[in-house]
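**Q** Just lifted these from Swiss-Prot, have a look:
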- Gly8, Arg11, Arg91, Arg143, Arg146: CTP binding site (BINDING)
- Gly8, Arg11, Arg91, Arg143, Arg146: ATP binding site (BINDING)
- Asp21, Asp23: Mg(2+) binding site (BINDING)
- 232-333: domain 'HD' (DOMAIN)
Amino acid sequence: MNIYAVGGAIRDELLGVPVQDRDYVVVGATPEQMTAQGFRAVGKDFPVFLHPQTQEEYALARTERKTAAGYHGFQFHYAPDVTLDEDLARRDLTINAMAREVSPEGALVGPVIDPFDGQADLRARVFRHVSDAFVEDPVRILRIARFAARFADFTVADETLALMRRMVDAGEVDALVPERVWQEIARGLMEAKPSRMFAVLRDCGALARILPEVDALWGVPQRADYHPEVDTGVHVMMVVDYAAKQGYSLAVRFAALTHDLGKGTTPADVLPRHVGHESRSVELLKPLCERLRVPNECRDLALVVAREHGNLHRVMEMGAAALVRLFERSDALRKPARFAELLQACESDARGRLGLDAQPYPQAERLRVALAAARSVDAGAIARGIGNDTEKIKEAVHRARIQAVAQALAIGE
């Protein structure tokens, strides 16, 4: 048998970037031979084995054939006579269809095996499909978009983009399971330049199918005095990229992506104003999160950001009572860590505007000071002093928090 390192490990090595994952293909072996050497079988649809020491994945060389629509509609063939080139031919992109042999000691040996000119496409910074079999797996559209967010200086080859559009038109994207869509979107959001992912998805038409609420934002004008970039879609991409540049969490980046969804449904006769877009954003966001089965942590933060971001931008004008009501609505008193992420998302919103990425955002520090003051109130002591009257306790704690915030900020109640 012969073992080869394949795919992303070879690509990243040639690009000079850290290798994130190592995948191996075994040519000329049977499942029985693998288990005899201590490998543990874990593959469900085709033979994949874990190395007895490293726990890295080793897959038997295979070919695949489309048998039904969607991500799972494949039939796999594996046998000792399946060649390395045949295995590489089933891969999505030329830059992912390269290999190097692995010595018995685990070292990469020999030249790069590159039957589809992946090295040339790496030099040209191009995503190009290996074969027309690309159209058989709709996940590949999402993968290319995610790779674009990681390798922001790459472009999609014209012929590959044409195939992607054909797939979208044929309804292949509609067959994707929600969990896989979310998985790829989430991974793309965590890359260095998430806006590139959405640019590719828009270009091939897939964004309108998987995230129509986001796709609707392009071409919607905003007031130029607040938003020099004018276009809402452009603004949202700047917000997401700012959050990524700061290294913020997935929850913050998702909130950045969805905070202005309501602007996509603003009546044309009131543009470029967007009165009430916050509540419309919330109403659009709820079914989106349900449809894609977005994790609770991401959904909950996104809903708070969508509802409250306009209020946070205006906190310099608020009195202590309004600030305490904001803390209570956003559950900041019980969940200060989530409130810190709310601040990050709103700061990203303020700075995700043309020419304003370094603009001060004093609202964040004001809110941090105010929240610390509100949380310093000893609600238990107040309750013990009042007794069993729940409403009186609630009102007294509320008043004490207002007074604490007013004192901390030296402002009126």
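Keep in mind that glycine also has a Cβ here, set from the backbone N, Cα and C atoms.
Remember, predicted model here, so these are calculated numbers, not experimental data.
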**Q** Determine which residues of this chain, when Gly8, Arg11, Arg91, Arg143, Arg146 are set aside, have a Cβ within 8 Å of the centroid of the ATP site's Cβ atoms, and list them as they appear in the sequence.
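**A** Other same-chain residues with Cβ inside the cutoff are Gly7, Asp92, Leu93, Ile95, Asn96, Phe147.
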**Q** Across the record's CTP-binding residues Gly8, Arg11, Arg91, Arg143, Arg146, the largest CA-CA distance in angstrom?
**A** 16
**Q** Most Cβ neighbours within 10 Å: which of the binding-site residues Asp21, Asp23 is it?
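**A** Checking each of Asp21, Asp23, the winner is Asp23.
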**Q** Quick check on the binding-site residues: of Arg11, Arg91, Arg143, Arg146, whose CB has the lowest count of neighbouring CB atoms inside 10 Å?
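**A** With the binding-site residues Arg11, Arg91, Arg143, Arg146, fewest surrounding Cβ atoms within 10 Å: Arg143.
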**Q** Please give the average pLDDT for the domain 'HD' (232-333) in this predicted model.
**A** 95
**Q** To the nearest whole angstrom, state the Cα distance for the pair Arg146 (CTP binding site) and Asp23 (Mg(2+) binding site).
**A** 19
**Q** Name the residues of the same chain, 6+ apart in sequence, whose Cβ is under 8 Å from the Cβ of Gly8 (CTP binding site)?
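**A** Listed in sequence order: Val19, Gln20, Asp21, Asp23, Asn96.
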